[in-house]
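What follows is a short report on a single structure.
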Amino acid sequence: MTRLTPKDLVIECETGNYHTFCPISCVSWLYQKVEDSFFLVIGTKTCGYFLQNSLGVMIFAEPRYAMAELEEGDITAQINPYTDLKRLCLEIQQDRNPSLIVWIGTCTTEVIKMDLEGIAPRLEAELQIPILVARANGLDYAFTQGEDNVLASMVDCCPSEQHASDQSSPPLVLFGSVAATVASQLNDELAQQGIEVSGWLPSRRHSELPAVGPMVHVAGVNPFLSRTALALSRRRKCEVIYSPFPIGPDGTAAWLERITQALKVGNHQLIRERAATIWGTLEDHLTYLEGRSIFFMGDNLLEVSLARFLARCGMTILEVGVPYVDRRFQGPEIQFLEQTCQEMDLLMPRIVEKPDNYYQVHRIHAVRPDLVITGMAHANPLEARGITTKWSVEFTFSQIHGFTNARDILKLIQRPLERNQSLDQLGWSTLTREPALT
Amino acid sequence: MQLAYWMYAGPAHVGTLRVTSSFKNVHAIMHAPLGDDYFHVMRSMLERERDFTPVTASIVDRDVLGNGTKDKVTEAARRKDREDAPDLIVVTPTCTSSILQEDLANFVDLAKLGSEGDVIAADVNHYRFNEVQAADRTLEQIVKFYIQKAQDQGNLITERTSKPSVNLLGIFTLGFHHSHDLREMKRLLFYLGIEVNAVLPEGADIETIRHLPQAWINLVPYREIGLMTAQFLEEEFGQPYVSTMPMGTTQTENFVREIFSTLQSLDPSLSTDHVSQYLHEKTHWVGESAWFSRSIDCQNLTGRRAIVFGDASHAAAMTRILSQEMGIQVVCAGTYCTHDAEWFRQQVSPYTEEILITEDHTQVGDVIRRLEPAAIFGTQMERHVGKRLGIPCGVISSPVHIQNFPLAYRPFCGYEGANQIADLVYNSFSLGMEEHLLEMFGGHDTKEILDLPLDPQDILWTKEGEEELQNIPRFVRHKVRKNTENYALQHHLEEITPAVLFRAKEAFGG
């Protein structure tokens, strides 16, 4: 096994044998975000079973998504997918009357090469409803990359920016699906810099998609949106602002600075003062977390940004597992992590792309981190072996962006540590008969 | 293609994985794309499992699609053999591998070459079987494999135990209250002087299998899993089986009597004097459910209307209990085990007015709407239908949530199980009654109070501020409103804009 804490930041690649959510899970938050949409996942019982169980109680709230469940006849091409999809979409139109139907292609549609991109335009014309196709399959993507694929395909639906607007600053479109509150907060931060956000991708309603074009600057709010950035830049000629992501006060400040720089407005002094104020409010958390170590097993692509923020909080980052590293889109964030570790005089973490969970568990036993950020597959077994964990998916579903929510990230980090601190006094830290791995 | 929102039984591989991960030291290699290993989460969360789930995915990705999966699966199996030295590796197909139509048997042959342990491929086609059927098949397949192996090696143990003994087949992980039922059944058998020779697959190691023929008979408490294995053992060794589920007082008695009549058919000299005495004692004095049936409380339930839905074994048993033991009118009994429809019909037809065999949860919902029962006994899906319609629901069958994996002792089988069921039934109906009475007398009167500002100050919420507040989840909205107003007061702000709301959060941290 290689060294655990190298001196320079290295990016390694393992076997890709790791646990993560299937990217079709993105329908669970996107259908809520785009209020007039309907998501149709074209897949098998396996996909349905995953969604049903991972969505928990949401499934009982008549969600605007469904499975088009493929049967044996579909697989053996005895049935024409065009007529079948038409029948299902008509049914959806009648029952739900959405303004947009999104087809989510899965592993099975890939393997049998169902031509969703070819069928969609025909049906779109016949049914008079926009149909988007997004490939969110486990053959190519992990978890949050599902959203990236949906947004990348939504880029084509955005109206064109026709003329230079009379706004004081050039138009800015933000991309990434965040809660309405978080969107207001980020809009508000930019407004203080004299920037009015001209729109978000995705928007609340299909008809409200932002105009994009060569005059438009775009900035991502999440690290997993590389294909969307590429689509905006290549297909719509937008100006992509590459930057660290607005996670943590350091990330938010850097993000704001890069945007204001690109748009040539704003006041960096104000941004720094605001960041300093926020750091001031986090003092109690920082005292608690400083010097503790953390290990990311990696499953949702937020890892590098979170690691960078926690390094700035004084935590030792042992390993940053991450499903996929896009060297261009995540580049500024990776550099920022490296820079942060230098400035904080911390050992450089290793970034492990496509990690191998089995090897990671062995490394965890070897270095015994204070906290492991991991998926639910490993959380309970690690806890039983006396290793404190935090369930990674919570970072995906919590409000973690901007200055305002920095504290929420630290609360998520601190809670398991505090809980186990109180339990450790009882002598219940190891609850398995199995001998510890070495 | 069909439109589907929800399913009762999961895909085939889940059934296979439930069987393999119930055994000790058996590892499954799933042949699947990234993200299909959600079974880990189910087991780790619902069962609160302390150990790592012995399932590894051999990831099918773009690369593998191009070059074929053979090397990857073979290497995954060999690697696991080196790392954990499992007794058995089960290569598990998924929907993806089913359509790739690759020769899993061939992969297994190759994997065996470099492995110390055994390797087999689960014989379950995704498009032909569901979770329930696959579990049954996989258990049979593993048992057959090791019986064959023991026969080949000449170390099969076929000599019957001196005292009457049984194998309990089909207890496994993520089964509805299985671990509690197992404890209850073991206790029942212990007091009747019957030994438990083996429990399969939960907690068993592979070694157990060659000892199976030692038992006098097999017990299959749940029809969904274990029946195929029991039938195989009967054909192979003439080992009889009892597939009555001991759920409810009368069925528990039938279960015990059947066991003894079967044992006696093997050994006519076996004494059964103590059996009637034991059953009488249990029914009349120890178990409370017989007395409950007779009590005034239960009298009030007479003729009340209920609907039952679930897997075949639980739904059939529940229908019988409600109708026979509690005098409740079962207006519809149904199951999603469509492959076992015939048995189900025959079991429940004396006890219900209508029989529903379907895998479509909307159809079940429609029947509930149409028949308007006073209570539902079903799965988590029926519980939610009940919530929407204001009808109480007791959960009696998978699929289930984490609350159906209680820490406390909650069997559904045996005499303690009958007590639990009586409580469940009684509470469902009486809660419904309570709601009904509340409604009649005007209901709880507190809902509207919660959303009012506590102490209206001279602070104005701007329209935008108020809108932003509405984005906050309802259960914390009131606290946020109060905190924001306090913040505005402290800072001498006269109106609350979204920005003030955000600053208050930054200052107070929530």
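First residue shown is number 1, and so on along the chain.
Cβ coordinates are placed from backbone N, Cα and C, and glycine is handled just like the others.
Because the structure is a prediction, the values reported are computed rather than measured.
Straight from TrEMBL, the features:
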{"type": "ACT_SITE", "residues": "B:Asp297", "note": "active site, proton donor"}
{"type": "BINDING", "residues": "B:Asp36", "note": "[4Fe-4S] cluster binding site"}
{"type": "BINDING", "residues": "B:Gly432, B:Met433", "note": "substrate binding site"}
{"type": "DOMAIN", "residues": "B:12-429", "note": "domain 'Nitrogenase/oxidoreductase component 1'"}
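Everything TrEMBL records as a feature, shown here on the structure.
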| residue | record | contacts (Cβ under 8 Å, 6+ apart) |
| --- | --- | --- |
| B:Asp36 | [4Fe-4S] cluster binding site | B:His13, B:Met30, B:Ala57, B:Thr94, B:Thr96 |
| B:Asp297 | active site, proton donor | B:Tyr426 |
| B:Gly432 | substrate binding site | B:Ala374, B:Ala375, B:Ile391, B:Pro392 |
| B:Met433 | substrate binding site | none |
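Among the recorded positions B:Asp36, B:Asp297, B:Gly432, B:Met433, the ones whose Cβ sits under 8 Å from a Cβ of chain A are, in sequence order, B:Asp36. Averaged across the domain 'Nitrogenase/oxidoreductase component 1' (B:12-429), pLDDT for the predicted model comes to 94. Classification of B:Met433 (substrate binding site) by DSSP places it within a helix.
DSSP gives the residue listed as 'active site, proton donor' a helix state.
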